[in-house]
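Chemist: What TrEMBL shows for this protein is this:
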| type | residues | note |
| --- | --- | --- |
| SIGNAL | 1-19 | signal peptide |
| DOMAIN | 28-144 | domain 'Plastocyanin-like' |
| DOMAIN | 152-299 | domain 'Plastocyanin-like' |
| DOMAIN | 358-497 | domain 'Plastocyanin-like' |
| TRANSMEM | 553-575 | transmembrane segment |
Amino acid sequence: MRAFSLLAALAVSATASLAATVQYDFSVEWVQANPDGAYDRSFIGINGAWPPPPIECDIHDRVIINVTNNLGNEPTAIHFHGLFMNGTNSMDGPVWVTQCPVPPGSNIIYNFTVDQPGTYWYHSHFSGQYPDGFRAPFIVYDREEPFTYDVDTYLTVSDYYHDSIPWLSANKFLILTNPTGAEPIPDAGLFNDSQNIKFKVEPNKTYKIRIINMGALVSQYIWFEDHDFQIVEVDGIYVEPAEASMIYITVAQRYTILLTTKNSTDKNYPMIASFDTDMMDTLPEDLVWNVTGWLTYDENGDFPEPALIDEYDFYDDFNLVPHEKEEPYEPDYSITVDVSMQNLGDGVNYAFFNDLSYVAPNVPALYTVMSSGNDSTDATIYGSNTHTYVLGYQEVVEIVLNNFDPGKHPFHLHGHVFQVIERSDASPDDETFLIYNPDEPGTINEYPMRRDTVYVRPNGYFVLRFVSNNPGVWFFHCHIEWHLQQGLALTLVEAPAEIQAQQVIPDDHYAACKAGGYGFEGNAAGNTVNLFDLSGENLQPKPLPAGFTARGIVALVFSCISAFVGMGFITWYGLSDLKTTEREVAAIVGEPLDDSDESK
């Protein structure tokens, strides 16, 4: 045993000696850019440039990011998507979950150690900022990868809106005249934040391509014409190499592939990302839902248009096998949530887990943990609309999600990867719901896939399991930006006693709260004397009156519009007749009509 301990100590020492500190200074600013050639618009950039730079480090490195908010008109925050943040929950980044928003003119430091290799990304986790440009890859290099290649690179894909997300939310989405909750349709697709890219390759080489979907809404089909490849990593988890010719990647997911080039340079080959158009309520006639680039063997050669395909034949990620195999966990604690979309009393369409639509608290949930002592284990103090579950330490937690919505939803869990135990097919029609029945289990793989983002099919379900071995407050939410704005999220407070014993919130994080006038202690309402007094907490709107439906709201809205238009027409027509009568009378009596009198 002593020999083993000595070897372990030497291994830890060797790892520590190889680790470095990687530091970035970020000034978050508005920048003008024109990624699809349509016109310039404002993006959120870093240090005066857009797109933001990738963050790169080796496994076990310490990463320090000094962030100054120079936007002037908006707070901000950064989430490091897929990183576990073991022991540093305050660095995870989602506002009102693990930190306050960073107000304009303020500074915050993110300081953490990265102990997991793979492909990640960072993005703002405040009010729709990441589709407005605040996102980029986060790459963690590994000297002991279980595969070989010649070149390591990345390829980002995203949907793109010509209008800003706050403007679309306020004018097109979360409004009374959109009672069905139809999401705004993207204007274009992007490869590496551009279009028509020429991806330079050399013959007879194997390229490790890290593919990241940084979009707001649509999943995308991706393929490289006349080139197959191997999937070797998903969401930071190495997998047994899987042969594929196409992938289906939801927003927030990552796939790493190995693509071996041909031995000739006489031709360039299209690479295509195609929107999943089933996720859009309408298809504008001018929408181009494919974005094309080229595997470029010869920069002076032709760049052909992509060939038409008959169907999207993509690899089903449910069948991937992790390189480090684990049998299905047996659950200690199960959470069942039903997804639905409904209208509330303000006529706006919201998203729900079990009839609760997430509304942020007045105090970040992590700060409530740190200031609540023994009451931290009571979910009540975290607020009525944060949909909080308190988890024990070192338990197997199961999440069963039933989708009572005819749309696909990619769900992301902060702080963990999970086993995907089951995932149903899509239901055959909009009226049929496939609901999880533990007495009639579906297919369960011998070694379930693990990742941090997975999608549920229309009117279907999935079952996830993970081990609560990472004390912290973790967000679980739909990663479609529009659905998060609608409230499709819940909060997991994992091992609160261990959080209090092991973690400290840095002073500069508290300073950001104070600079913005935000609460940083007490319950969800900011009450510090009686933690069970939630007076003043943020709540979802009241329900619609009985009998109202989205169709009824549409009819009511357009009836009101028609009524106002009709009244205006009647008024105009009536005044027109009055004017004619006045002219006739003036002609009879021989007196001129004063047309300068605007009251007539």
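Every residue, even glycine, has its Cβ placed from backbone N, Cα and C.
Remember, TrEMBL labels are computer predictions, not curated facts.
Any idea what these are sitting next to in the structure?
Modeler: The helix, strand and coil residue counts that DSSP assigns across the domain 'Plastocyanin-like' (152-299) are 12 helix, 69 strand, 67 coil.
Looking just at the domain 'Plastocyanin-like' (358-497), the mean pLDDT is 98.
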Chemist: Counting by DSSP secondary structure, give me helix, strand and coil numbers for the domain 'Plastocyanin-like' (358-497).
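Modeler: In the domain 'Plastocyanin-like' (358-497), the DSSP-based counts are 23 helix, 49 strand, 68 coil.
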